[in-house]
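Colleague: One structure, as structure tokens, below. Some questions next.
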Amino acid sequence: MTYQEEFIEFMVRSGVLTFGDFVTKSGRRTPYFVNTGNYKTGEQISRLGDYYAKCIQENMPEGIDALFGPAYKGIPLAVSAAGALYRLYGRNLPYCFNRKEVKDHGEGGGMVGYAPKDGDRIAIVEDVVTAGTAVRESIALFRQVADVRIEALFVSVDRMERGTGVATTLDELRREHGIRVFPIVTVRQVIAFLHNRPVDGRVLIDDGMKGRMEEYLAEYGGKE
């Protein structure tokens, strides 16, 4: 089993990847939902960091100077990924994250952890990107901090949905900002792996659910 397939089962067992009837923030009715807020134990965050680290090391074994986790959900992702990169690969990358409210006392500033400097190559670590708002806000934030280059975006699941146009949100980010985007898995990998395959005795994507997910992608999926 590949680490991507292990990750899909891990999301299911953690209650992060669920199937049914949901409504996204953008008002789209969706047959599946990814809620990374359901990761809540030490074991889960440790294993999650391992999966991110494997994705980072596989796709960008070099060319990154620091990891950035957008507040709030990106914070534990960047921290756990940085720890796993060191533990698994001996790769000691610094990490940082932003404050939602900038402090005017103490150490002050809008960033916590590593202080980015001019020329740094930054990788953003996020959960699931829908509209890309948090990523665009991160790019704007870094412009106020230092002359850095956002090299890559690592996400847990690529929903493969279109953004403001006909392309997927992640493709828009690639084209608009030159960011390399790497998901641990895509929704099509989820469908292919879980279709009629039981996890702990339950089949989560039967023929009916597969049909609903394919219909959803046909309606809302991005076009090349």
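Just so you know, glycine gets a Cβ as well, placed from its N, Cα and C.
Remember, TrEMBL labels are computer predictions, not curated facts.
From a predicted model like this one, the values you see are computed outputs, not experimental measurements.
Annotations for this protein, taken from TrEMBL, read as follows:
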BINDING   K25, 72-73, 99-100, K103, H105, 126-134  5-phospho-alpha-D-ribose 1-diphosphate binding site
DOMAIN    38-146  domain 'Phosphoribosyltransferase'
BINDING   T130, R159  orotate binding site
Colleague: Could you measure between D127 (5-phospho-alpha-D-ribose 1-diphosphate binding site) and R159 (orotate binding site) for me? Cα positions, answer in whole angstrom.
Modeller: 11
Colleague: Under a three-state reduction of DSSP output, how is K100 (5-phospho-alpha-D-ribose 1-diphosphate binding site) classified: helix, strand, or coil?
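Modeller: Assignment for K100 (5-phospho-alpha-D-ribose 1-diphosphate binding site) reads strand.
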Colleague: Run through the domain 'Phosphoribosyltransferase' (38-146) and tell me, per DSSP, how many residues are helix, strand and coil.
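Modeller: In the domain 'Phosphoribosyltransferase' (38-146), the DSSP-based counts are 48 helix, 24 strand, 37 coil.
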Colleague: Using a 10 Å cut-off between Cα atoms, which of these binding-site residues sit near R159 (orotate binding site): K73, K100, V129, T133?
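Modeller: V129, listed in sequence order.
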Colleague: On a simple 10 Å Cβ count over all chains shown, which one of the binding-site residues K25, K73 is most densely packed?
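Modeller: Result of the Cβ crowding comparison: K73.
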Colleague: May I ask you to report the DSSP-based helix, strand or coil state of K25 (5-phospho-alpha-D-ribose 1-diphosphate binding site)?
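Modeller: Coil, per DSSP.
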Colleague: I want to check the contact list for K100 (5-phospho-alpha-D-ribose 1-diphosphate binding site): same chain, sequence separation of six or more, C-beta distance under 8 angstroms. What comes out?
Modeller: A71, Y72
Colleague: In the three-state scheme derived from DSSP, which category covers R159 (orotate binding site)?
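Modeller: Coil, per DSSP.
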